[in-house]
Amino acid sequence: MKDLLTMNELAPEEIMNILDQAERFKDGESWNQGTSKYVANLFFEASTRTKCSFEMAERKLGLEVIPFEAQTSSVQKGESLYDTVRTLEAIGVEAVVIRHDLERYFDELGGLKTKVINGGDGCGNHPTQCLLDLLTIRQEFGGFENLQVAIIGDIAHSRVARSNAEALTKLGAKVVFSGPREWFPPEYQDSYMTVDESIAASDAVMLLRIQHERHSSTSLLTREEYHESFGLTVSRKERMKEKGIILHPAPVNRGVEIADSLVECDQSRIFKQMENGVFIRMAVLKRALENN
Ligand code: CP
């Protein structure tokens, strides 16, 4: 039984094992858990994809899902995250999926037997998003060695960028970054490319949403100006590699980081990523709950 908190804790072999299990679930494999297993999804931040695909994954695995809504829970009375998860553990919940706006919220959950699967922590990590991105890339190219992946946009506020940069580099891909300089963390300066260069030279182009909710001030750029300067425009898409693919964790701001007409174009894998998310989350839940 294992937590999944960050991509950093997974060795390359373990990442490949999760991707392989996800492929087997995609091909119809089922998991016989023996006795009933109970899980809960604790979302303290908005989500459509992560929350719904975890719920889909849990139902496909035949897990018992204990309903939890932050708005009607005793968190509203001031109960801590630790006491919330400890309570669920006491009543028999074996694994929780948590999304929280506090970076590394999981540091306060040490010592619990209930396994924690991180569904996103502030600007920190989003390991299951990263794993579904990796699965989508591997389906397309067969592996990661010698691939170049461009991550473009609001890098500083993106947990997806951080998780993907760690994992892709570990697996042998080259990661380059692009986007507005003011949203560019100093540690990635050596991997900076212009938007035009990075889109034309990369095998996978991953666009990121502007995370307005994590900004202390509003951007000086209008939507149109951002699109022209840093977005995947129709003309930039024409200069992509013939076999290059477009990724986006979503939700997408159509017409901002990507042209509306490109969201479902021939090279886009955005909805494939969401489909893969269910199988990845099945694999991660199995890993969290099985005795090994
Ligand atoms: N990609 C992603 O995490 O989407 P949600 O915020 O809708 O879960």
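Including glycine, each Cβ sits where the backbone N, Cα and C put it.
Unlike curated records, TrEMBL annotations are generated automatically.
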Annotated companion of ARG49, THR50, HIS126, GLN129, ALA250, PRO251 at the carbamoyl phosphate site, TrEMBL, chosen from ARG86, ARG99, ARG223, ARG287: ARG99
Additional residues around carbamoyl phosphate, ordered along the sequence, whose Cβ is within 8 Å of the centroid of ARG49, THR50, ARG99, HIS126, GLN129, ALA250, PRO251: SER47, THR48, GLY119, GLY120, VAL160, PRO249
DSSP-derived helix, strand and coil totals, residue by residue, for the domain 'Aspartate/ornithine carbamoyltransferase Asp/Orn-binding' (146-286): 67 helix, 22 strand, 52 coil
PLDDT averaged over the residues of the domain 'Aspartate/ornithine carbamoyltransferase carbamoyl-P binding' (2-139): 97
Subset of binding-site residues (LYS77, ARG159, ARG209) lying within 10 A of ALA250 (carbamoyl phosphate binding site), CA to CA, in sequence order: ARG209
Most distant Cα pair in Å, residues ARG49, THR50, ARG99, HIS126, GLN129, ALA250, PRO251 binding carbamoyl phosphate: 16
